[in-house]
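**Student:** Pasting the relevant annotations from TrEMBL:
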- 444-471: coiled coil (COILED)
- 5-69: domain 'DUF1899' (DOMAIN)
- 78-120: repeat 'WD' (REPEAT)
- 128-170: repeat 'WD' (REPEAT)
- 171-212: repeat 'WD' (REPEAT)
């Protein structure tokens, strides 16, 4: 019997990455040098947002996608935070609403005017305070409008109802800093990776931990739900300090289904999953390449496809939503690569080579659209619903009719799980925290000095009393 190589049939076997030409990039952008492990970039079908270097607080740029080329140094910024901006995310249902979080312990909601910014924006439509330390991650709910999650360095996840402008739930099950959060397809489950070397699957409305894995051999840094397949994929570091990925069953985290070592580099691996094509993209922080795989339902589960290579290292990557892709060019994924050394944002398109110029229905199935499936009250009451799907053939140009309305409220307390989060409003910057710490230390020293003085006075009185008792009585 003659030996024959085994070829796996796949329509995505020849997917290739195509970097945009220089005139279609965004140049002259002072990308932040913050070492926080986030992308510092968010993109939707209309705008590109990038966190920038700034003095005296945190700021980010919002640029219309058609405004490519060199960006002027005095280009208007969103600059209302008092500390460095650590994460930004666009609302999936209202394209001019963006959430940001910062070292000043706040989460803010911004409304970008039509056509982009004409002047610096300093006033947010909504400011959310509830964390006692800096906030590292924000995440929008995938099927419900006006539900936002934030994770802070106080080890807590707050669920905000933006229609009320208040936190409605608090998830307090983590023992260290939360590194990553990911929702499943209908938003009924939340997966978290934590610095305490544990992977958790949480029911967000109750805060109950459904599954938990101790990842001592595979130290998890990032986690992503693989659509509706009831599986999770994590990236992390093995016991030999090599970069590694692992596939898990969300209903049993006792052991990973597979573990695969990638390489021996030190940069964090960012995973991106496309539920429509079942493709996984791996991009390392500080790498120039992007690996991509196809995920199957049977072993070996993970099938390597190809690698996009570039000499320029990436600090982070923004991802275009499906309805913003160019379907006429058979584009199935698009990255916006942050190149700090050049101050450049470079779009990279992942393309399926096809000869026909007609719409390719096999690579563009129905995909989650821009309409929410639930209201906040429905979701908070326990209702789960799959996302409303749309066709990219005609529906990708449809604009959302939703409008964000900031709540009007006059409250001086925010009580979640019986705890008033605003009872002692924290300082808004890291420097403020340090100043508060030193003030407290000075107060402790002052009180100790007073106690020592009181102690000396008490001893003197005791000695005088003893001497008085030793004086003989005159008969």
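Glycine is treated like the rest: Cβ placed from N, Cα and C.
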**Student:** How do the residues of the repeat 'WD' (128-170) split into helix, strand and coil according to DSSP?
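**Tutor:** Once the DSSP states are binned, the repeat 'WD' (128-170) shows 0 helix, 25 strand, 18 coil.
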**Student:** Averaged over the repeat 'WD' (128-170), what pLDDT does the prediction give?
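**Tutor:** When the pLDDT values over the repeat 'WD' (128-170) are averaged, the result is 93.
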**Student:** Which residue counts does DSSP give the domain 'DUF1899' (5-69) for helix, strand and coil?
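**Tutor:** So the counts come to 3 helix, 24 strand, 38 coil.
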**Student:** Per DSSP, what is the residue count of the repeat 'WD' (78-120) in each of helix, strand and coil?
**Tutor:** 0 helix, 22 strand, 21 coil
